[in-house]
Amino acid sequence: MSLFDHKISELKELLHKKELSVSDLVDESYKRINEVDGKVQAFLALDEEKARAYAKELDEAVGEKDELGLLFGMPIGVKDNIVTKDLRTTASSKILQNFDPIYDATVVNRLRDAEVVTIGKLNMDEFAMGSSTENSGYKATKNPWNLNTVPGGSSGGSAASVAAGEVPFSLGSDTGGSIRQPASFCGVVGLKPTYGRVSRYGLIAFASSLDQIGPITRNVEDNAYVLQAIAGVDQMDATSANVDVPDFLSSLTGDIKGMKIAVPKEYLGEGVGEEAKESVLQALKVLEGLGATWEEVSLPHSKYALATYYLLSSSEASANLARFDGIRYGYRTDNAENLIDLYKNTRSEGFGNEVKRRIMLGTFALSSGYYDAYYKKAQKVRTLIKKDFEDVFEKYDVIVGPTTPTPAFKIGEKTSDPLTMYANDILTIPVNLAGVPGISVPCGFANGLPLGLQIIGKHFDEGTVYRVAHAFEQATDHHKAKPEL
């Protein structure tokens, strides 16, 4: 049994009793990375020397402290688009291949306050644009359940590292499903918080109105622990919400009697695989057995979500990625005779194909003559999608459905057709457009590959999302399954 099979609360208890040391946990993490990361390819950079030194420092402090930090001594992996001071951060792009940040993201600072140990940086799709981690500028991460399949994306390294037992939890970011989809593919728990719940300061931006940082863990309780540590308003991020942070752990009661669950017919319709549908129907039976009731509802504008998302996110990416020009930081071409050539060649050599595709799409959508027809119309549809969710939440506590239409697909299977790749996020994208919280928890298997149940809540009501997810988890054994590597 791995140390990381224990919950965070159990590990903290062992540390407090001095039956376990932080150095033991860090040793376990690097030992496992050495054993399996050659196959899984989750990590891009390791911070071993500093991690071991900090672990020793924390061990020495155990006897001197009355109270340990919320996540005291826990090893963590951080997605490579979250800046870490003096630890290379590339967003998995060649254009940032030698970028060493001079500051820490707010979430990294808050985790340091909670006394975690950063193990290293995790692979992802370049600039978080992708659903399979095949768009990384460095390597493709593999799914620990089947090394011939993708781990999902864009937080593929974050999900794979937790599923493979390399770290007990990780941070990811979610713009259109990039935490929940890989969590589903890898059989772990991933939460996209409400937009504004967690500071984005220090997150390398893809689409600023959609991006949100969140935790990936092995169980729901651990997920609540991590969100507790990173949530809250931040003066460095004007989009972070000045909303009280409740005690998320107090929501994990196991009691969902009388709760009303909505199941969108669009989430069990065309394009959703039979295995995903069946796993959700079985999950609903479990939730009924726990005292909840469910009814079918409609989110009528969700059919426009995919097109709306790609217009808006690509438009925002076009603006956000304009800063990577070869002048201020990152890669600079050697092949330029003038300033215009420098810009063009740096960007064409530094960005991968998917990033270029989305920059071009976004630039087109924002261009004169097309702005009203595309970008402005997409903003109006986004408002309608948000209204659909608000209407449902007037009568229901949560919305439930599959996280993804299918289990993980084979590496290389969808790279030649971007549209089939994009369609993989069709069930997660509406949540980002509406800005509401959503979690994926393991709910079954298809052909030996995990499936995820998506539970969606009202704005700033992660507590109820956690309550339902935890009750389901406690009534099933799906989260206990581990891949064999």
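Using the three backbone atoms N, Cα and C, a Cβ is placed for every residue, glycine included.
A sphere of 10 angstroms centred on the C-beta of Lys79 (active site, charge relay system) encloses 30 other C-beta atoms. The active site, charge relay system annotation in Swiss-Prot covers Lys79 (among others) and is backed by sequence analysis.
The Cβ of Ser154 (active site, charge relay system) lies under 8 Å from the Cβ of Met124, Asp125, Ala128, Met129, Gly130, Ser131, Thr133, Asn135, Gly172, Ser173, Thr175, Ser178, Pro182, each on the same chain and at least six residues away in sequence. According to Swiss-Prot, the feature active site, charge relay system maps to Ser154 (among others), an assignment based on sequence analysis.
Secondary structure at Ser178 (active site, acyl-ester intermediate), as computed by DSSP, is coil. Feature annotation from Swiss-Prot assigns active site, acyl-ester intermediate to Ser178; the stated evidence is sequence analysis.
Ser154 (active site, charge relay system) carries neither a helix nor a strand DSSP state and counts as coil.
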